[in-house]
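What Swiss-Prot annotates here:
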BINDING   Arg21, His133, Thr352  substrate binding site
BINDING   Gly108, Phe109, Ser179, His207, Thr233  pyridoxal 5'-phosphate binding site
MOD_RES   Lys236  N6-(pyridoxal phosphate)lysine
Amino acid sequence: MSWQQRIDRALDERRAAEAFRRRLPVTHGAGRWLEREGERWLNFSSNDYLGLSQHPAIIAAWQQGATRYGVGAGGSGHVSGYSEAHRALEEALADWLGYPRALLFISGFAANQALIAALAEKDDRIVADRLSHASLLEAASLSPAQLRRFTHNDPQQLAQLLAKPLAGEQLAVTEGIFSMDGDSAPLAAIHAATQAAGAVLLVDDAHGVGVIGDEGRGSCAAQAVRPELLVVTFGKAFGVSGAAVLCDEAMADYLLQFARHLIYSTAMPPAQAVALSAALRIIRSDEGQQRRDILAARIRQFREGMGEVSLGLTDSVSAIQPLIVGDNARALNLACRLRDAGCWATAIRPPTVPVGSARLRLTLTAAHHTEDINRLLEVLHGHSE
């Protein structure tokens, strides 16, 4: 089979399964409203949980950073791209989250892949929650280590897998809040299982940091857990982009030597680091707490308003509120129905989620108003005019 035949077959299969992905260019894709081609919809697809992507102080910080540093880093942080702005952000993150060190990455995907690629060796074993992010599972499957997946949020099965004989080291992998189901990991029990086995725990808290816990320190702090490796990302609550790995001194030095995604990538623009430092100050402030309180109120309003609706609402109490409808066509039709009624929501289909669990991944933010949630509920209950 030629390359072209292989490509054509794969695309045909996606189309036949109603799983073909398309991008739609928008004027504004974050915040309360999504704007496209002169129209606007209430936006229930953005990960901008605290509404910070449009915050004037963060926008001004980026502009000031660009004036001072320019618009690009100019190279890898190992060459000339590591600025005072990067160092200040790393130090602030480490202080906030209670770790000796923080290392910046250009994305959460890159951070997760870099960690596993740098750490996993032939005789090792990676034990990951089966619903972990694609970046984690892909890196684990491509590594020389043995990959085992435990049943979602099942610390007992994790402990059983970690107890099996092994010549090398073990890495347990999970998320704080899962990106497609919106549920939380039982981190205290997972941490206890990894400690008992002498394993290292990696937690990706992309959807928890900034939103949960005191000063928004995230899922781990809220459950009084301190994993050896904590990944936080900046494209959700921070309203920007990028990521950081929190760890101890020795691990940070090791990653600086062996994390290829860090070594061989141009560093994030210093202006972005300035903006992220501004976002962090807001997240830690009274304003940040007010935004978290507003988000929590919107989540309660939505869940109480859903009542006994027939759609498959999960147990999530996070900003991610999936409605699992099962069939791809039904998910697409429901997304179109919402769009026609002025609400933008995205249908998520396999392979992003398991076959038979297509869904609308609704996301709520602090930028939403009470009437926005009411409108969404009206449409979902079938009362849209």
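Numbers here mean position along the shown chain, with the first residue as 1.
Glycine is treated like the rest: Cβ placed from N, Cα and C.
Taking Cβ-Cβ distances under 8 Å and a sequence gap of 6 or more within the same chain, the neighbours of Thr233 (pyridoxal 5'-phosphate binding site) are Ser107, Gly108, Ala111, Asp204, Ala206, Val209, Gly242, Ala243, Ala244. Residues Gly108, Phe109, Ser179, His207, Thr233 make up the record's pyridoxal 5'-phosphate site, and a Cβ search at 8 Å around their centroid adds His133, Ser135, Asp204, Ala206, Val231, Gly235, Lys236, Ala243 from the same chain.
Here Phe109 (pyridoxal 5'-phosphate binding site) is compared against the recorded positions Arg21, His133, Lys236, Thr352, and the shortest C-alpha distance is to His133. Checking Cα-Cα distances from His207 (pyridoxal 5'-phosphate binding site) against the recorded positions (Arg21, His133, Lys236, Thr352) with a 10 Å cut-off leaves Lys236, in sequence order. When the Cα atoms are compared, His133 (substrate binding site) and Lys236 (N6-(pyridoxal phosphate)lysine) turn out to be 15 Å apart.
In the structure as shown, the Cβ atom of Phe109 (pyridoxal 5'-phosphate binding site) sits within 10 Å of 19 other Cβ atoms. With the fewest other C-beta atoms within 10 Å around its C-beta, Gly108 stands out among the recorded positions Gly108, Lys236. Reported as a whole number, the C-alpha separation between Thr352 (substrate binding site) and Ser179 (pyridoxal 5'-phosphate binding site) equals 10 Å.
Sparsest Cβ environment among the binding-site residues Ser179, Thr352 (other Cβ atoms counted within 10 Å): Thr352. Within 10 Å of the C-beta atom of His207 (pyridoxal 5'-phosphate binding site) sit 27 other C-beta atoms, taking all shown protein chains into account. Between the C-alpha atoms of Arg21 (substrate binding site) and Ser179 (pyridoxal 5'-phosphate binding site), the distance comes to 18 Å. Across the residues annotated as binding pyridoxal 5'-phosphate (Gly108, Phe109, Ser179, His207, Thr233), the widest Cα-Cα separation comes to 13 Å. Between the CA atoms of Ser179 (pyridoxal 5'-phosphate binding site) and Lys236 (N6-(pyridoxal phosphate)lysine) there is a gap of 11 Å, rounded to the nearest whole number. Cβ packing within 10 Å was compared across the binding-site residues Arg21, His133, and the lowest neighbour count falls to Arg21.
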